[in-house]
Structures are given as structure tokens and as C-alpha cells.
Amino acid sequence: MVWANAKMRLALSLVTVFFGISLANLEVGFYSNTCPQAESIVKRVVSGAALSDPNLPAILLRLHFHDCFVEGCDGSILVNNGAISEKNAFGHEGVRGFEIVEAVKAELEAACPGVVSCSDIVALAARDAISLANGPAYEVPTGRRDGRVSNMSLAKDMPEVSDSIEILKAKFMQKGLNAKDLVLLSAAHTIGTTACFFMSKRLYDFLPGGQPDPTINPTFLPELTTQCPQNGDINVRLPIDRFSERLFDKQILQNIKDGFAVLQTDAGLYEDVTTRQVVDSYLGMLNPFFGPTFESDFVKAIVKMGKIGVKTGFKGEIRRVCSAFN
């Protein structure tokens, strides 16, 4: 029995080492005794900020994803430590929402000094943002601690819009996420916008001779080129979900199937057998009557993502200000 327990501990350790998924003591309601108002404070600040910025749900959801994919979900993307700051990495281009996290942190420090981590604020804010976009409500396991490292060189393996589906699957697998998780987390693009900067190659240099990506629906191509003309303003933004950019739903998956994906990486989900099957599984007439719904599976995927490389116990710290190490 002792030998069996030892083997089990070794197996769990290997899962953590190779995949970065922490099996440590995150738990729903972690702050119920030490700061019982923590989650309500996060929700109130996020809801108030969203009144003046309808894009905030997408902004905070993206911030959570980018935080977790570098050094785990430890708030490392929030730190300002000069030119080497992780947030300055090209892979984090356009990531925003830092001031919202700081606003939440300031209120939490006033109510419960030194208790709630910045990394938990990011995860909770993303949850509340999704709810504001009419997405699923879910419980967030908390208890993360903040990392003590923030360096742009560590963000070199962030998923990029030009990545092939094979590269994307490999990058997600490195984080302990499978092909199904890839589809579900990519479907977070159901809310938000992207810049024409990320569209140039797909529209004007995808094939020899300056031809566009052939997977773009021919009826959609003129719309994209009008919004993002060749040699035009690369900072112009367009919705990633053509029909419901501010509503969290599975329309993005239908768009991917029909050739209306805006991003190359989203379109690639329908070019791979495994990910195509996942996309189709949420679009059949029998879904959601038979099998899990897109919303329920998305919750599982984002909670799973929120456990990547977390620091708990005596690891890391609880920052007093999210933009600076203690």
C-alpha cells in the first residue's frame, strides 16, 4: 500500500511537471473566511467599468488567457518592471484591462489587506465579464498566489494568429490542454475585436501572387477587404464574431464552419479532423438536447485553463499592488 501511494504521488508530480496543471489546493470559496466580500467586490467593480466600455468582457477574458499561458495563472502579465516586463512581449500585443484589476485590488486591499491575490482577481474578473456578455455563470476555484517573475522572454511560445493548427495543438498540449479545449477556448472569440494588423497576411499575402486565404467564404471576402483595405490603417478594429460580437454564444463556431471566421487560427479549426469534429458536435440539431452543451463544456475548459501552473501554499506572494512585486 505504501508503495502504491508513493507511485501515485510520483504520477501526480509528473503531471504537474510535464503539463503545468497544478493539483494543489485551489478551492471554490477560498476567501469565504478571510475576505468573504472578495468576489462581490470584483463583480461590482467589473460591472461598473463595463457600463462605460462594452468591450470590457472580451478584454478581461483575453487578459486571463494571456496570464495563464505564460508562467501559469500567476498575475505575471500585470507587473511593470521596465523594458523586460512580460506585458511588453509581442505575443501580448493589445492586451488590456490592467487598470480594472488595479481598481479591484485597491478596494480589496482596503477591505482585506494582503489577502486576495492579483491572479485570483484576473480569474474572477474574467468570470464576471463572461456573465456580463450573457455567457454562463460558473464557480471559480481560488487560492492562487502571485508569481515573482515577469519577463517578456518567457512569452515567446504564446499562440499566434499565423500558427498552423498543428502548432496550436502542440502549444495547448504543452499547457495540459487538449484539442477540445483548444476549440472551446478559441470560441471565446465570440466576443471582442481584432486589428487589421492581424488580417493583412490572410487577406493579401496568404498564397503566392498576393492571393487571400481560400477558406474565406467568397461572400465574406469583400466585407473583410473593405474593413481592412490593403495598405490601410492597421489599427482599425473589426468584430471577430461577425454576427454577435458582444454576445457570448456559439455563433463563432457556426461562422468557422461556414467560412466566416475572421482569424486564420479560428478558420484552421475546421481544417483539422479532430478539431472539426469538436466544432460540429456543438452545431447539430440534437445539441443541446443530447450531449453536453457548448456553454457547459466551455466552463470546464476555462476552469481547467485557470489551473495551469498555479502557485499555492507558500509559493509566490500576495502582492499589495498588482503592477509591482512586494
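Every residue, even glycine, has its Cβ placed from backbone N, Cα and C.
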Task: Cysteine from CYS118, CYS228 that Swiss-Prot links to CYS196 by a disulfide bond - done: CYS228
TODO: From THR190, THR193, THR194, grab the residue that Swiss-Prot records in the same Ca(2+) 2 site as ASP241, SER244, ASP249.
DONE: THR190
Open item on the list: Please list, in sequence order, the residues in the chain of THR190 (Ca(2+) 2 binding site) that are at least six apart in sequence and whose C-beta is under 8 Å away from its C-beta.
Closed with: ILE240, ASP241, SER244, GLU245, LEU247, PHE248, ASP249, LYS250, GLN251, ILE252
- [ ] Using the structure shown, find which entry in VAL70, CYS118, CYS322 (the recorded positions) has the sparsest Cβ neighbourhood within 10 Å.
- [x] CYS322
TODO: List the other residues in this chain whose Cβ sits within 8 Å of the Cβ centroid of the Ca(2+) 1 site residues ASP67, VAL70, GLY72, ASP74, SER76, in sequence order.
DONE: CYS68, PHE69, GLU71, CYS73, GLY75, ILE77, GLU86, SER119, GLY147, GLY309
TODO: Going by DSSP, give the three-state secondary structure for CYS73 (disulfide bond).
DONE: coil
